[in-house]
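Take a look at the structure set out below.
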Amino acid sequence: MTWAGDVEEQDDYFSCSDVSTSGDRRKRAPQTVTQEEVDQATSKIANEGQLSIRDILASQDTAVRITNPRDYQMELFLRAKMQNTIAVLDTGTGKTHIATLLLRHVLEEELENRAKGCAHKMAFFLVDSVNLVFQQANVLRCGLDQGVEGISGAMGQSLFQKQTWDKLFAVNMVIVCTAQVLVDCMMHSFMSISRMNLLIFDEAHHAKSNHPYARVMKDYYAHELDTSKRPRIFAMTASPVDVKGQSAEHVREAARELETLLHSRIATTSDSALARNSITRPEEEVAVYTRLRNEFETPLHQKVKAKYGDVAPFRKLFITAKLHASELGRWASDMYWSFAFADEQSRKLQIREELKYNRSKRDWSAAELDAQMARLKEATAFVQQYEIGAPTLSEQDLSSKVMKLQYWLNLYYERTTLARCIVFVEKRHTAQLLKLIFDHIGGPNLHCDVLVGINNRAGEENVSLRSQILTLQKFRRGELNCLFATSVAEEGLDIPQCNLVVRFDLYRTMIGYVQSRGRARHRNSKYLHMLEAENKEHTERLMNARHDENIMREFCKDLTHDRQLGDVEQEKAELIALEDKLFPSYTDEKSGAKLTYRSSLSILSHFVATYPSPDHNTMAQPTYVVNPKISDDPRDPQRNGFVCEVILPEHCPIISMVGQVYSRKTIAKCSAAFKMCIELRRKDHLNEFLLPTISKYLPAMRNALLAVSEKKKGNYAMVIKPTFWKQDRDTVPESLHLTIIDADRGLDRPHQPLAMLTRRPFPQLPSFPIYLTDCRPSNIVSQSLHIPISLTPELLEMFTRFTLRIFEDIYNKVYDYDVSKMSYWMLPVIEHRVASVRSMSNPQEVLDMDQIRKVYNEPFWKWSPQSRTDDLIDRYFVDPMNGGRRYYSDRLAPHLKPQDPVPANVPRQNHKFMKNILDFSDSKWMKSRDITRWHQDQPVLQVEKIPFRRNHLANVEDKEKKELANLETYICPEPLHISNLATPFVVMCYVLPAIIHRFESYLIALDACDVLDLKVSPALALEALTKDSDNSEEHGEEKINFKSGMGPNYERLEFLGDCFLKVATSLSVFVQQPEENEFEFHVRRMLMLCNQNLMETAVGKKKLYKYVRTDAFSRRNWYPEGLKLLRGKGLKKTEEDWLNVTHNLGDKSVADVCEAFIGAAFMQHHKGGQWTPNDWDEAVKAVKLFANSDDHLMEKWTDYYAAYTKPKYQTAGATATQLDLAHKIEMKHPYRFRYPRLLRSAFIHPSQPFMWENIPSYQRLEFLGDSLLDMAFIMHLFYKYPDKDPQWLTEHKTPMVSNKFLGAVCVKLGWHTHMKQNTAILSSQIRDYVYEVEEAEREANGAVDYWVSVSEPPKCLADVIEAFVAAIFVDSEFDFNVVQKFFDLHLKPFFLDMTLDAYENFASNHPTTRLSRLLSINFGCSEWRMGALETETLIPGKGKAIAAMVMIHDKVHFHSLGQSGRYARVRASHAALEKLEGLPPYEFRSKYGCDCVDEGEGEAGVDEAAVSKKVELMREAIGPSI
């Protein structure tokens, strides 16, 4: 994966035949696997015994990983299109990739021909063994999007029925089969040469004598006299002939005979081309074992011979047993007898069956067979009575040859099971015996089995074939890691993990040597020749094989120039011969640097090598594709020539350039390179010295995202009062608008709703919670009435006096009476009338006018002896001398008198006078105190002291809990005022400060909306403006200075807005810049997305910082502005003092608020359900506002499509191939394309030359589709999990948008087969991944997270999904419904349950963990670490870089350079893994000087705690990013 979704531009400055004959080559009997088994698909290996052969093979992993692109493959493909070709290439060089390219080309031509009404033709891929039928069929299915079927004799009698073949030809366009199957098919005229369009021969060196390959050519191909009806021939082999010590002339003659037979010409590549493409062979080593003992008879052998030596058919068994005694040891010879008689018995049974059907056979009689069967049973019983025991690792039981093999295998399997080994033997019994031996002596990490040819025992053909296939499958999966194999494994079996091949029995031919060596496919692999000491025959066999291989290489090297591909030396010679005056050149005006045709190749290579790559495996060289074309060169009399397209890696700023037509390929390549360099210079990717400008250009663009930091803070003004209160102020209102406010779940005491009267209609604000003493939430609900209350001067005065009395009695604030300065009025309402208030013609009827008049006329009263005691209950008591002493009276306390001591439970804090209850009730200062003036017989009341708590928007804080725990106290009434405010109304007024604070926050948020001209609800607007901690933007981190009670902060909306901003800017550059590529898209989008750009809008133009809410509720700032304070706290402060508030805001916070507002605009108008363009108009408007760029001028969604101009490639007529693709895609996803060429573009990889179809690659679409899919994923998470924070959302978005998931979806849909690409690495990587992920899905039994555990897929698979989404979006005229439908059908089912462990932990994986375990566990090394430092580079045109290093025993072995330490370390880990994985522990110790002593061996001895500690130590050693 791009690690956990991270992508960073990377600086990769350094990168980091005939076969031996044996029993396996017997003539094979017809197979009896049924048609039903072949056709039916079954699930998983739990029932392997019942799986069909085809289904088993369909899950095999047969790819070889190729680490570089190969230009010779393209040249060979282009040649094979033009003429019949025999490709002579070494094993592991990607011959099958060339065949796939050729098949794709031929099938596209076939589709066009069929569309024209031509007769249907088939392509045949011929192989030499049943195994290879299914293997190659699976390979082709991954690379072709037409039907491919593998056929072998396993289909039995149905192959002799015309209906079978007609059905196969109807549903497939490619048949993979053994040559004998094709011969039989053609013999019965089910197929003819004229009905074929392509014949491919795999391992073509078999085409000789009477081999089926030869019969196809001699009996059928040659007999088609009309050459125009013959199919194209493409043959592949590592060696066209087996040299066998013959002279070079004989080899040339044999090669000519092969060419004649196949009607083809040999083409090969030079060693320099292989070296240039990093084709490496395994390291070869010779293991010499001491001379074997002469053949001898063991004691058991002697006993068997004494008893049964007279039986003539047993004689060969005695000979074989003596041979095993010599080659394998005593134990193997004795063990041989245990199954030798069983084998013989099976053979006799077969003969008896044959006698039943063949009475003319006279060699045997039934009586003779019966007699021999009796002796066989007797001998079997005789052997079984002996206890052979287990072999010991000693010369007594084992031969020196087996002991040497054990030594080498132990080197690889001493610690882990990771190695994969194939041991080649000559005889079937040798493989079986070695398997039995190593079951005992191989150790806990060696898991072995045998791989032998299909035998011919009666009734067992199917089982034997099935067993062979399952064994290979287990070997690929790692359940087996060592195979003892006969020559059946020599040809064609691709096992990428195989890193050790042992020739236990030496090859007998050069082809056997070359083919078996080719099985070692791992990059760190070894090929081991086992030779007997002083055995001249062995030495000569080794020398002859190498000599014959050299003869063959010399033969290839001596081929004429037109048969050799990619000869670098020849190209250099041609370039030197060029004369600059004949071709254009460029001289830079500033520096005088000169670019010529010749130098352009090296300039371009240097540019690519130094260009940052996000993918370590991406090809790091230009690819040149040369096509024949009519020449414009006047010097070419034949007017035939070549045109070249140069293709750069997909991360480069320009991908493709087509040169001019020239008569020579080399000049055509120079032309393309020259034009590319000119374009790079024009766009400033090359500087005046023709060096990359990357160190100046890319960092500036990339750092746009990092241009601001939260650590950089500014001191900004903060608005604390909304403009709403200022409307019509300084006037006396003639009417007021009423808003009723209530708490839906009550308060701590019974309460009365209140009415707020305002000069203008109050906006309808959302409900919000306040928190009661017991932490229960109760929602404040308001309803605004639009019918005003008409006022008289008397009524207005009454309302004003009442409101000011609230401030005086409850909050101890005395304001000057000034109606014109009032912001609002607070009045009680009659609760039972609230429900019908909207139906009232006069809203004044809801007001509690009795209470209002009572308070107006008599704000309070005092106790006197004449007062009734009933009037003292449930009253609000105010201490006129102390603003902190307010009480609710609960009941009389008749058991107490004023002179009694203050009860012990009454809190003493801040009370100086505690002599008695009366003394406690008087709070006058000492000088004015005289408690004797109070009546000494007045009653004592039990009251509830009203706490100082004001911030009801937050839960009760710890410091408040102590006060709230003990509110009961006792007072005498006479020293206090008894307010005429009703107690329930007072209870409501005590939460008024929190209500006013939140109301004002909403109103300020609406002010911000007015400034921005955005229609957003108060709730969302306030959420977008709320920053409740110093580090709100650091999701998942512990909050610093967190302020409770502020409501939801901007984090979630910012997360949503960031996503929509990406969609909108991606879409705008997509439609406005039709000629630019993905690189330029990224730059333009980055400049709009960057925080610095958002800052300029928010700070410079709209001053959005004023409206950001960074402070929680303040006891000082909620009071109304404008009124003159006469008494109370803050008297000395002017209004300007407390209104001029500032706050510190980080630059990133301001930018985040911008994105949050985009998210708010999106959420406000996105209705859900069926999408309409209007849903997103307001969000688009917000993006235009904040992006503030000419690259985004759209104000509503429909503006995007209005700005889109369909490119010519989209509207051009579709070919039959493109229509066929659209039809196939529609079968998987229900959408019919209006423009099939647009769909085709979504499947074209950047490596595919543009000139082949004149359709651009998917890069532009992938750029857009990435953001569209992001939107779909985030909408799903955002609305399904409304309470999850951005950290959780980000972590759970990570698996959704990962390449790993989208790659798995691509395979599940089968769309990997439709991708058109021209890079060998992708063919093998896709094949590897397809087999692995399909196997994981089968094993998962329906679990949707099966894809998490598989390897990282090629990024192109995920790109295809993103490009397809963009394609349907564009084709549908920018209708997001089609994106949503794709998400709902194919993606959403994977994420219905986000609590799966695989998803919860997805984002926490890291490559360094793999490296840590590899070094600590597999190799047992404790002296290693990672480090990073800043360093200068030696590359021209480069500045400083970060070097990340992997040190082993104080020596740096692996490193990576980049402009980010974080990513450089990841790449350094990848580089180390690439070199270390597959090495056996002994070789690691040898290469890297490791002498660490580890406690215990093997996986059982691993201390996981120690390993985990090592991981932590490693991460600690890495340190922070530089």
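Just so it is clear, glycine is given a Cβ too, placed from its N, Cα and C backbone atoms.
Quick caveat, the model's predicted, so the values are computed rather than measured.
Annotated Mg(2+) binding in Swiss-Prot involves Asp1359, Glu1362 plus, out of the candidates Glu1253, Glu1262, Glu1474, Glu1477, the residue Glu1262. Binding site for Zn(2+) per Swiss-Prot: Cys1421, Cys1490, Cys1492, plus His1449 from the candidate set His1449, His1453. In Swiss-Prot, the feature motif 'DEAH box' is placed on 202-205, out of the ranges 150-153, 202-205, 662-665. According to DSSP, Lys1355 (site 'Important for activity') is assigned to a helical segment. Under the DSSP three-state reduction, Thr93 (ATP binding site) is assigned to coil, being neither helix nor strand. Within the set of recorded positions Leu89, Lys1355, Asp1359, the entry lying nearest in space to Cys1492 (Zn(2+) binding site) is Lys1355 (CA atoms). Closest to Asp90 (ATP binding site) by Cα-Cα distance, out of the binding-site residues Glu1362, His1449, Cys1490, is Cys1490. Annotation note: Glu1262 (Mg(2+) binding site) sits in a helical segment as assigned by DSSP. Helix, strand and coil counts under DSSP for the motif 'DEAH box' (202-205) come to 2 helix, 0 strand, 2 coil. For the binding-site residues listed here (Cys1421, Cys1490, Cys1492), the lowest count of other CB atoms within 10 A around the CB belongs to Cys1492. Checking each of the recorded positions Glu1262, Lys1355, Glu1362, Cys1490 against Thr91 (ATP binding site) by C-alpha distance, the shortest gap belongs to Lys1355. In the three-state DSSP assignment, the secondary structure recorded for Cys1492 (Zn(2+) binding site) is coil. Across the binding-site residues listed here (Leu89, Glu1262, Asp1359), the residue whose Cβ sits among the most other Cβ atoms within 10 Å is Asp1359. Nearest Cα neighbour of Cys1490 (Zn(2+) binding site) among the listed recorded positions (Thr93, Lys95, Thr96, Lys1355, Glu1362): Thr93.
Listed in sequence order, the residues Tyr1258, Gln1259, Leu1261, Phe1263, Gly1265, Asp1266, Ala1358, Val1360, Ile1361, Ala1363, Ala1366 complete the 8 Å Cβ shell around the Mg(2+) site centroid, once Glu1262, Asp1359, Glu1362 themselves are left out. Figure note: comparing Cβ neighbours within 10 Å for the binding-site residues Asp90, Glu1362, the maximum is reached by Glu1362.
Of all the recorded positions given, namely Lys95, Lys1355, His1449, the one with the smallest number of surrounding CB atoms inside 10 A is His1449. If you compare Cα positions, Thr93 (ATP binding site) sits closest to Asp1359 out of the binding-site residues Glu1262, Asp1359, Glu1362, Cys1421.
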